[in-house]
Amino acid sequence: MATAVSRPCAGRSRDILWRVLGWRIVASIVWSVLFLPICTTVFIIFSRIDLFHPIQWLSDSFSDLYSSYVIFYFLLLSVVIIIISIFNVEFYAVVPSIPCSRLALIGKIIHPQQLMHSFIHAAMGMVMAWCAAVITQGQYSFLVVPCTGTNSFGSPAAQTCLNEYHLFFLLTGAFMGYSYSLLYFVNNMNYLPFPIIQQYKFLRFRRSLLLLVKHSCVESLFLVRNFCILYYFLGYIPKAWISTAMNLHIDEQVHRPLDTVSGLLNLSLLYHVWLCGVFLLTTWYVSWILFKIYATEAHVFPVQPPFAEGSDECLPKVLNSNPPPIIKYLALQDLMLLSQYSPSRRQEVFSLSQPGGHPHNWTAISRECLNLLNGMTQKLILYQEAAATNGRVSSSYPVEPKKLNSPEETAFQTPKSSQMPRPSVPPLVKTSLFSSKLSTPDVVSPFGTPFGSSVMNRMAGIFDVNTCYGSPQSPQLIRRGPRLWTSASDQQMTEFSNPSPSTSISAEGKTMRQPSVIYSWIQNKREQIKNFLSKRVLIMYFFSKHPEASIQAVFSDAQMHIWALEGLSHLVAASFTEDRFGVVQTTLPAILNTLLTLQEAVDKYFKLPHASSKPPRISGSLVDTSYKTLRFAFRASLKTAIYRITTTFGEHLNAVQASAEHQKRLQQFLEFKE
């Protein structure tokens, strides 16, 4: 039954994904192919450069441009660009994958999907290098050439020889294709950063074009250098294999072998290979840039569908369903934009249903925003729990964060003073927040995100407590003083050592048994092995966790939380004058409670020893690294959202029922002391 229900959901997800992104994908591919003739023309002109005869140089270049063989290779290059664009579509991600250790980075690179990506790009790079070598003409055009020397008996040689220059071109293209794929995942180039300021697509492309060409020229130079070093040591292997397989001779009388220093110092060869690399990287980066521009363009989701058939694409339905992650991001981006710039659409959010008079639109939108923000609070609490226990969270038992209550119990109920959760969470983790379920194999994800299981598989390694924050347990660490927080493993061991009627009696009425001698012996041996391995430098080099990567992983999906903050706060501020039915007033206490609790969790996070308080300076580069500073943008957006509400409502917020801690914190915002 579950499978039958999930199939229609998957079908609806594919339908909405195609309706929203289908034309964008097609348009980006078409423009990538249309940009190819410009790149090909520039490549032909620079490959035949002759500064002493400029008129002859330009006339020959344009005459070759219209020749039949160039048109054929142009069609072949178009197929390559389409394949590269398809891989851009298949491997994109709205949440960057951040490995927390060098071993995790290696595992990310050798993943089967990544290996397939690298193999295809190496093959496409070889095809593009072959086309570039043939278009260049001259001594680089053919792999097999007639030998010019004589045989050992003194008669003219009739054999065919291997053209090592052409082989060098092909191998360089394969190397550049593989390097592009490797850097594609190492630098998170599949990550789609959404622009902060909405601009026209042409302006975004024009702004990136000069940086793209500069990046391609520099990267091609470094890749040619790396390949020359590699070919110097290992170039004889492919040369000997191809000459043996094709029964070709190697003519060393005309051209020096390229696996020597003198052979590699051929400036003409290096120039044409570098130019081929620039051509390859530029065309691939253009398709990549165009897909990013089209995929991250704002999309308008109707708040109220004009027809019943279009209800699946309305904003409240998309936010509360389980759409593909990019659709979720586009919906939250649209919520942020409508809350600021569209009074008519805000009225649709505040409207009541007919008949019935229920604020379904506001209820659905605010519920999802509060769930996202509560999920971020839970994630920060989990991270602080791991940091407080020196990165040690028990792997014997799954740790499950407290599930968010239903909206009827939390988000849409005016909190009583006796029922308000304490905003200051020292101890930041309460015993009811994490529960050890020994018989449940599944662990509830701490993300609190609306993404499906397939997306979570793609996000594997982004936030894994045992992966990112684990550290070898040593007796010195275990014997440290009293800790600020309580982990599930400590609670479990306390229950073993100090049994009480509430903990020693199971649900079936049976007494829990003490740990056996075998179990204690296994645990002791495991600790000894960990201590032994932690003293080995090479092992710790691969297994040690990078604190900055762990911090970035916590806020890797913070962009949608930023949009939820901005959208919710702008709607609440606008409701002061635009909400005719008072639908926002019923949820205002819950919204303030969520924001203030999250604010306290963020403040406690930034007070951790390894959490930097200032964003690093990011230089302008083609590869986007804005995800590294999302935590600072999230902190600023959260504080701005609270100030936006307090400055709008002013002293009216004193009538909102809240706990004493929240009232004190709210007063600081009202007095601009926060």
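Just so you know, the numbers here start at 1 and follow the chain as drawn.
Note: Cβ is positioned from N, Cα and C throughout, glycine not excepted.
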Which one of Ser342, Ser474 gets the tag phosphoserine in Swiss-Prot?
Ser474
Indicate yes or no: per Swiss-Prot, are Pro112 and Phe649 on the same side of the membrane.
yes
Have a look at Ser59, Ser424, Ser439 and find the one that Swiss-Prot tags as phosphoserine.
Ser439
Between Ser155, Ser445, the phosphoserine label in Swiss-Prot belongs to Ser445
Can you name the far-off residues of the same chain, 6+ from the ends of the topological domain 'Perinuclear space' (247-272), with a Cβ under 8 Å from a Cβ of it?
47, 136, 140, 144-145, 147-149, 157, 159-162, 164-165, 168-169, 224, 228, 231-233, 235-236, 239
